[in-house]
Amino acid sequence: MDIDTLLRLFSPQSLTVLALCTLYGTLVGAMPGLTATMAVALLVPFTYVMDPLMAISAIVATTTTAIFAGDIPGALLRIPGTPASAAYVEDAFQLSSAGKSRSTLLISLLAASIGGIVGVVLLALIAPQLARVAIGFSSHEVFWLATLGLSCAVMTSNASVIKSFASLFIGLFIACIGIDVAVGHPRFTFGWYELFDGVSFIPAIIGLFALSEIMRAASSGKRQPPPIEVRETLPQACREAIATLARYRRNVARSSVAGTLIGALPGAGADIAAWICYAFSKRFSRQPERYGKGHIEGIVDGGSANNAAIGGAWTPALVFGIPGDSVTAIAIGILLLNGLSPGPRIFTDNPEIVHTLYGAFALTNLLMIPVGIAVIALSSRIVRVPRRVLMPIVLLFSLVGAYAITNSVVAVWIVLALGILGHAMEATGFPLAPAILGIVLGGIVEENFMTSMIKSQGDLLAFFERPWAAALGVLTLMVWTVLLCRALYEGYKRQRALSFNAPKREPR
Amino acid sequence: MTRTDLFPGLLLVLFGALVFWRASTFPSMAGLPYGPGLFPSIAAVGLMVCGVLLLISTLLIRQRPTPASTSAQSEEDQNPPMHHRRAGIRLALLVLIVAGFGLALEPLGFHLTSLLAITATALLFGLNLPRALCLSVSLIFGVHLLFYSLMNVPLPWGVLTPLAW
């Protein structure tokens, strides 16, 4: 890292932005139902007035802290603040019920901070090497990479394979709206010239994540449970947290590395990393029977994995220009708006972007510790902010934020349409993540597919002619095979479960 | 997967067919058998296949005495229909509020529209009227400062244009 970047990072302006975003991320993450993706989407209008370096730092700071802060309502209310905290919410809640909420949260804060730093160190080591390979990629390879990302999104979602695929195709269809890339024919715009540019991404994200969440809150009349009382003093909790982390230092190391690598898969983000590392932790633990009943080991693993994944998710984004999750997708959008296109060339053409990114990550993960301790001390007040105050605020920021992106009312309609879609999909068990990636990557996939088709005069075998293209293509086909097998297995399992269960349940 | 998948499955098939039909009307590129319609068609076929698979798996399960239906019944017992209906009404009201915001934003202006929409939302979530008004006025003031003054977003003034500052 050069001196210039360091000076820029430690300038008062940049430090203020980082501190504000750390605070903002913590607060949003700590509110049950407000996710890290939503925090970033609502931040986008503000990044318009920043220079791109500052905007990237702001995004990094917000996601890093929001993912950690998602643990707070998980521990105190049993409601994960972001999906990334869902894996170990049961353990966290049980521990808090036993009066250990502060030490639990401190452990996940420190684990998150270490995980985040490991994540960015690995990113800094791996990404430039990959970029050297990626610089020779043509439309064939990019097509396969994007397709692989989409397939991974289906593979790593927790829902049924059919529904994940359906969600993906919905996203791909939405990406088709607007002028087409090949000949400039307007598609599915119904004469609305505002749609010629396509469905703008930020209003789409705001609709899918923010409005659908408000709708969910409106349709469930349930009141929040009261948060658990805190019975530990802060210094006591600190001592215990450090002791626990020292005991489980191997878990932290293992899950930080694994989380980064999982995050680096296009399509898999922090939530998947947390689930997988939690499962691994249980498999290798000496006390697997205590998982889910208030055992700290899983929290150490999941907490470090999900923050490590945030750094990892930037690998495909920076190296290939293919976002690893919805947050990096937003970040890529911001870079593009500033005339910087992510891809292997960014390492040679705009190294300051890459260095600022690394620096912002490292700095945020350190800043997060004091801010996090303060928030943990106040946490039971923060999670008590009532929904009837919170939801109107989120609604206005969503609508005005969307409007600010496009300066037209069309944004409001996009938010509404995709909000209804997102709510309907969630209510019927369709995962949202594949749709988001479909919207983001649809354009890239189509553009590279059409370019390749035109180059090869429609010869599909050309997609396997170059060595990297062939390797990526075969990998993608393998993922598809796995998915097909899993879909068949799901159907088989359901049938069996039914034929076993049906007679047993009849007497009731 | 439960019987509730029947409707989404049908919807996917129908929507996919509609997209496919529209995509087939797009012109193709000069000298090539494919064009702008190719990619939407792929998405449309994908949607239809997923829809059909959902339908098949749902119908296969429905032929048996399913545990799904019993569990669905017990769920209904726990949540009386009254609760469902109220939830539906609140959802519809929220959609109406957002749609109203979209319709009124330019003619009426940002401030008045937001005042109405946010007050209504706060009431919907159970805040009383004085507090709802308080919340929305302070919120609009904050958003005005943040977006209009600080970030130069041209929020429309609508009927309040003579008062613009």
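Backbone N, Cα and C define each Cβ position, glycine as well.
Those TrEMBL annotations? Automatic predictions, nothing curated.
What TrEMBL says about this protein:
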type: DOMAIN; residues: A:16-437; note: domain 'DUF112'
type: TRANSMEM; residues: A:15-44; note: transmembrane segment
type: TRANSMEM; residues: A:105-127; note: transmembrane segment
type: TRANSMEM; residues: A:133-153; note: transmembrane segment
type: TRANSMEM; residues: A:165-183; note: transmembrane segment
type: TRANSMEM; residues: A:195-214; note: transmembrane segment
type: TRANSMEM; residues: A:317-337; note: transmembrane segment
type: TRANSMEM; residues: A:357-378; note: transmembrane segment
type: TRANSMEM; residues: A:390-421; note: transmembrane segment
type: TRANSMEM; residues: A:468-489; note: transmembrane segment
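Only residues 6 or more beyond the boundaries of the transmembrane segment (A:195-214), in the same chain, are considered here, and those with a CB under 8 A from a CB of the stretch are 33-35, 37-38, 41-42, 44, 174-175, 177-179, 186, 188-189, 326, 329-330, 333, 391, 394-395, 398, 401-402, 405-406, 410-412, 414-423, 426, 432, 435-436, 439-440, 443. Across the domain 'DUF112' (A:16-437), the model assigns an average pLDDT of 86. The stretch from A:165-183, A:357-378, A:468-489 that makes the most Cβ contacts under 8 Å with the transmembrane segment (A:105-127) is A:357-378. Sequence-distant contacts of the transmembrane segment (A:15-44) (same chain, six or more residues past either end, CB-CB distance under 8 Å): 9, 50, 54, 57-59, 61-70, 72-73, 77, 79-84, 202, 205-206, 209-210, 213, 216-217, 224, 270, 326-327, 330-331, 333-334, 360, 363-364, 367-368, 371-372, 375, 379, 382-383, 385, 387, 390, 394, 397-398, 401, 405. Here the transmembrane segment (A:133-153) sits against the transmembrane segment (A:468-489); at least 3 CB pairs are under 8 Å, leaving out pairs fewer than 6 apart in sequence.
Long-range contacts of the transmembrane segment (A:357-378) within its own chain (CB-CB distance under 8 A, at least 6 residues past either end) are made by residues 1, 5-6, 9, 18-19, 21-23, 26-27, 30, 56-57, 60-61, 64-65, 68-69, 72, 102, 105-106, 109-110, 112-113, 116-117, 119-120, 123-124, 234, 238, 307, 310-311, 314, 318. Outside the transmembrane segment (A:468-489), and at least 6 residues removed from its termini, the chain residues within Cβ reach (under 8 Å) are 133, 136-138, 140-141, 144-145, 147-148, 151-152, 154-155, 160-162, 165.
Listed as Cβ neighbours of the transmembrane segment (A:317-337) (distance under 8 Å, sequence separation of 6 or more from its ends, same chain) are residues 36-37, 40-41, 44, 47-48, 52, 55-56, 59, 63, 123, 127, 130-131, 134, 137, 142, 145-146, 149, 201-202, 205, 209, 263-270, 310, 343-344, 346-347, 353-354, 357, 433, 436-437, 440-441, 444.
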